[in-house]
Structures are given as C-alpha cells and as structure tokens.
Amino acid sequence: FREQPIFSTRAHVFQIDPNTKKNWVPTSKHAVTVSYFYDSTRNVYRIISLDGSKAIINSTITPNMTFTKTSQKFGQWADSRANTVYGLGFSSEHHLSKFAEKFQEFKEAARIAKEKSHEKMELTSTPSQESAGGDIQSPLTPESINGTDDERAMPEVTQNSEPRAEPTQNALPFTHSSTISKHWEAELATLKGNNAKLTAALLESTANVKQWKQQLAAYQEEAERLHKRVTELECVSSQANEVHTRKTELNQTIQELESTLKKKEEEIERLKEEIDSARELQAQRNSLTQKLQEVEIRNKDLEGQLSDLEQRLEKSQNEQETFHNNLKTLLEILDGKIFELTELRDNLAKLTECS
C-alpha cells in the first residue's frame with residue numbers, strides 16, 4: 001500500500017499521433033477512470049489510467065509540466081519521459097476545472113519535494129569545515145523524484161471534434177455500514193503508518209538537537225577559553241606584534257565559531273518547526289480516530305435498528321399468515337351456509353309450486 005489513489009475522475013483518453021504530431025488518437029473506446037496516485041516513500045505524484053488490464057496513462061508529474069485547457073471540456077499535457085502528449089475529454093467543464101486544479105496542486109507539491117530533495121543532497125554532500133569534532137549532520141536521505149528538468153516543447157495539436165465522456169465518479173456511495181467501517185479502518189491504518197514515521201523522525205530530530213546543544217556548549221566554552229587566553233597573552237607577552245598577530249588569529253577563530261553557532265541555532269529553529277508540524281499531524285490523527293469511533297457507534301445503532309425491524313417484519317408476517325388462515329376458514333363456512341340456503345330456497349320453491 002505504498003502508492004495510494006488521492007483523486008479520481010472519468011474521461012475519454014487520447015494521445016497525440018506520433019507520426020503527424022497533430023492529430024489525436026483515442027486510446028479508449030469509452031470513458032475510463034483517470035486517477036492521481038501518491039507514492040509516500042518517494043514523494044512522487046503520478047497520473048494513471050487503466051483500460052481493463054492495459055495501462056493507457058502512466059505519467060509522473062514534474063514541476064515543468066503544464067496542463068492546458070484547449071476547450072470547455074478538453075485538456076492536455078506533455079510528458080517528455082513518455083515522449084507523448086496526453087489529452088482528456090470530460091463530460092462537463094466542472095470536471096475539467098477540478099482535474100486542472102488537482103494537476104496544479106500536485107505539480108506544486110512535486111516542485112517543493114524536489115527543492116527539499118536538492119537541499120538534503122547539498123547538506124549530505126557538503127564536506128566538514130570544523131577542525132575539532134566536525135559537523136554533526138542529520139542523517140537525511142534525498143528522496144527519489146521521477147521526472148526530468150527539461151520538458152520538450154509541446155507540439156501544436158488540433159481538435160477536430162470535442163469528445164464526450166461519461167459522468168465523473170469521484171466516490172461510490174456506501175450501501176452498507178460494514179463498508180464504512182472498512183473504509184475508516186483503512187484510513188486509520190494509513191494514519192498509523194504515517195504516525196510511526198513521524199514519531200521516528202521526531203525522535204531522530206530530538207537526538208540531533210541534544211547533540212547540537214552539547215556542541216554549542218562546547219563551542220561556547222572554547223570561545224571563553226580563547227578569550228581568556230588572549231587576555232593572558234596580552235599581559236604576559238613582551239612582543240606586541242606577535243601578540244597582535246596571535247590575537248587576530250584567535251579573533252578570526254572566534255568569528256568562525258560564532259558563525260557556526262548561528263548556523264546551528266537556525267537548524268534548531270527549523271527542527272522545532274518540523275516538531276510542531278508533527279504535533280499537528282498527531283492532532284489530525286486523533287480527530288480521525290474519534291470520528292472512526294463515532295462511526296462504529298453509529299454502525300452498532302443501525303445494526304440494532306435493523307435487527308428490531310427484522311423481528312417486527314417476522315411478527316407481522318406471522319400475524320398476516322394467521323389472518324389468511326382464519327379468513328380461509330370463514331370462507332369455507334360461508335360457502336357451506338350459502339349451499340344450505342340454496343337447498344332451502346329450492347325446497348321452498350317446490351313447496352310453493354305444489355301448493
């Protein structure tokens with residue numbers, strides 16, 4: 001479950017003709033599901049669409065991609081890695097606008113992830129500048145981001161006719177309470193996985209902060225010692241020029257240490273912000289857990305109501321069956337009485353004729 005769908009819609013899928021680079025070639029006979037997927041391990045967003053078991057779209061979103069609306073119900077984007085241009089025909093302008101908004105949102109997220117990856121790579125590749133102890137860097141690993149920096153120029157395409165698409169199906173209605181429970185259980189499992197990762201990152205950041213605080217204290221002690229040493233040298237040394245040179249070197253060393261201290265303080269502030277973000281995610285997880293509990297309680301109430309209705313229905317059926325049996329018995333008795341009355345009428349008629 002590393003890669004999860006985060007948004008889905010339905011559309012007719014097209015690709016640009018590789019020969020003419022102008023005409024559209026349909027890749028699906030009817031509207032199919034087109035979904036955005038997110039890979040949390042590599043921090044990558046992809047657009048995927050299947051026609052049966054065949055993948056007709058498998059496009060990784062990069063910061064240089066652009067989604068263009070060419071009409072009220074048609075949009076396109078170029079994928080240099082696949083060396084093609086994809087086109088989507090929607091059933092309405094609203095569905096097209098929603099898909100374009102999600103494209104822009106995930107494109108921006110891919111850009112931010114790429115920048116963070118570059119920053120982490122620069123941090124891990126920067127050589128140590130410290131003479132004693134060295135820099136203690138956070139064990140950050142650059143994330144793998146699919147995509148290229150240079151996108152090929154999008155060929156000009158012509159749209160002969162606007163494709164029709166089936167209505168969007170962003171979400172299917174849940175027709176049974178057990179389906180709702182399974183959905184929230186899946187959401188909770190995902191949140192638990194994210195929470196475990198955040199907890200590990202938080203512990204790692206806390207350990208790094210402690211190490212950096214210890215290093216800062218060592219730097220401060222070293223600075224104080226150097227200041228005292230400078231004072232002693234100024235008092236003891238009889239060679240003013242040598243003392244001045246030594247003082248200049250020590251002052252330069254102190255400046256370098258102060259610069260290092262400033263960088264470490266900035267790094268500590270950044271880690272504090274990450275910790276605050278992790279706490280916010282924890283609060284969201286607790287909120288979703290509470291909602292899941294409420295849904296489970298509601299599910300139990302609905303199951304109780306359903307059981308009660310089944311019992312009442314069974315009782316009603318039994319009463320109706322009894323009523324039918326009684327009615328049948330009454331009808332048989334009535335038929336016998338009618339037959340007796342008929343015989344009595346015939347006898348009276350005979351007596352009347354005889355008299």
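Using N, Cα and C of the backbone, Cβ positions are placed for all residues, glycine too.
Copied from TrEMBL, the annotated features are:
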COILED    202-326  coiled coil
COMPBIAS  138-147  compositional bias 'Polar residues'
COMPBIAS  157-172  compositional bias 'Polar residues'
DOMAIN    1-110  domain 'WH1'
REGION    114-172  region 'Disordered'
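Across the domain 'WH1' (1-110), the prediction's mean pLDDT works out to 91. Here the domain 'WH1' (1-110) is broken down by DSSP into helix, strand and coil counts: 18 helix, 54 strand, 38 coil.
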